[in-house]
């Protein structure tokens, strides 16, 4: 029986390939749709309407208009780290009360 972590890994792979389709990469439009559907809270909290464009620029290291799986994982990892930092701060504040 797969562990929770194995399910999480499978979810990341399936999500990437669902939005990439038959390709082995995400286009800017693929990334925009993925972000809107899978990270709606993140985009809603962005004050910059060009947030997806900036994320694409950061992730597209080859400057070919494509984001591969490794770069996608970097995005997920970065968002997870930011969420964890927020979580830890809130847990510490709750502990002080």
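Here the Cβ of each residue, glycine as well, is placed from N, Cα and C on the backbone.
Model, not experiment: these values are computed from the prediction.
Per Swiss-Prot, domain 'EF-hand' is recorded for 47-82, and the stated evidence type is sequence analysis. For the domain 'EF-hand' (47-82), residue counts in helix, strand and coil come to 23 helix, 1 strand, 12 coil, using DSSP.
What Swiss-Prot lists as N6-acetyllysine is 23 (among others), and the listing cites a large-scale study or a structure entry. Within 10 Å of the Cβ of residue 23 (N6-acetyllysine) there are 12 other Cβ atoms, across all protein chains.
Look at Swiss-Prot and you will find 28 (among others) tagged as N6-acetyllysine. Classification of residue 28 (N6-acetyllysine) by DSSP places it within a helix. For residue 28 (N6-acetyllysine), applying a Cβ distance below 8 Å and a minimum sequence separation of six or more within one chain yields 52, 53, 56, 65.
Among the features that Swiss-Prot reports, N6-acetyllysine is placed at 54 (among others), with the record citing similarity to another entry. The Cβ neighbour count for residue 54 (N6-acetyllysine), using a 10 Å radius and every protein chain shown, is 11.
Around the Cβ of residue 57 (N6-acetyllysine), the same chain contributes no residue under 8 angstroms that is 6 or more positions distant in sequence. What Swiss-Prot lists as N6-acetyllysine is 57 (among others), and the listing cites similarity to another entry.
Long-range contacts of the region 'Ancestral calcium site' (60-71) within the same chain: residues 13, 16, 23-28, 30-31, each at least 6 residues beyond the stretch ends and with a Cβ under 8 Å from a Cβ of the stretch. As annotated by Swiss-Prot, region 'Ancestral calcium site' applies to 60-71.
In this structure, the CA atom of residue 54 (N6-acetyllysine) is 22 Å away from the CA atom of residue 23 (N6-acetyllysine).
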